[in-house]
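Enquirer: My questions all concern the structure below.
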Amino acid sequence: MKNPELRDLKQRIPHYAKSQQRNLEVLLNSSVLTPQQKWGCLLVSAALSKNAYLLKTIDAQSQKFLSDTAKEAALACIATMTLNNCGFRAKHWLGTDFEDVRFGLRNTVDLKPGINQADYEVWAIAASAINGCEQCIQTHSQTGQDEGLKIEQLWEAVKIASVISSLAQILHVHEVIDN
């Protein structure tokens, strides 16, 4: 598959889901996040969507906005947050008996120059929203605020995760029923 363009993605969105197309347009044109934060968030969300076409499209477009270092950090965020979201969500569900149980797995990301903590927090919030971990999303929201992010910026990450998740589901449905 060649690198698809965003216009190709938009053409695949059926009429009944035009609101999602509009939501995507609004988010792509938004200046709430820096381009690096926004495109890292889009990449993290697309990767976690598990939709190959959507990931390929977002990855191709993100190359205009993300350095190799930023892309690597966003992908590292996926690995880190998937492990953390799974483990900490389970601890939360298991209740108070597990509050003091140490997670016991190594899981670090070294942020290289050009990637700041605020960028990572935006990406981690998107990942935690998709993976459904209340504890992680609260922790990364607080850390993001400590790093100077505004509530609107943190919410923008949730909006990106939500729209990308919706688009992934729509695309998946039509990949199955139209073929």
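Glycine is no exception: its Cβ is also placed from the backbone N, Cα and C atoms.
In TrEMBL, annotation is done automatically, which means it is predicted and not curated.
Keep in mind it's a predicted model, so treat the numbers as computed, not measured.
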Enquirer: CYS133 has a disulfide partner in TrEMBL; which of CYS86, CYS136 is it?
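Expert: If we follow TrEMBL, the cysteine bonded to CYS133 turns out to be CYS136.
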Enquirer: Could you find out if DSSP has CYS133 (disulfide bond) as helix, strand or coil?
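Expert: In the DSSP reduction, CYS133 (disulfide bond) maps to coil.
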Enquirer: Return the count of C-beta atoms lying within 10 angstroms of the C-beta of CYS136 (disulfide bond), excluding that atom itself.
Expert: 23
Enquirer: Looking at Cβ-Cβ distances, which residues of the chain lie under 8 angstroms from CYS133 (disulfide bond) while being 6 or more apart from it?
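Expert: For CYS133 (disulfide bond), the qualifying residues are ASN84, ASN85, CYS86, PHE88, ARG89, HIS92.
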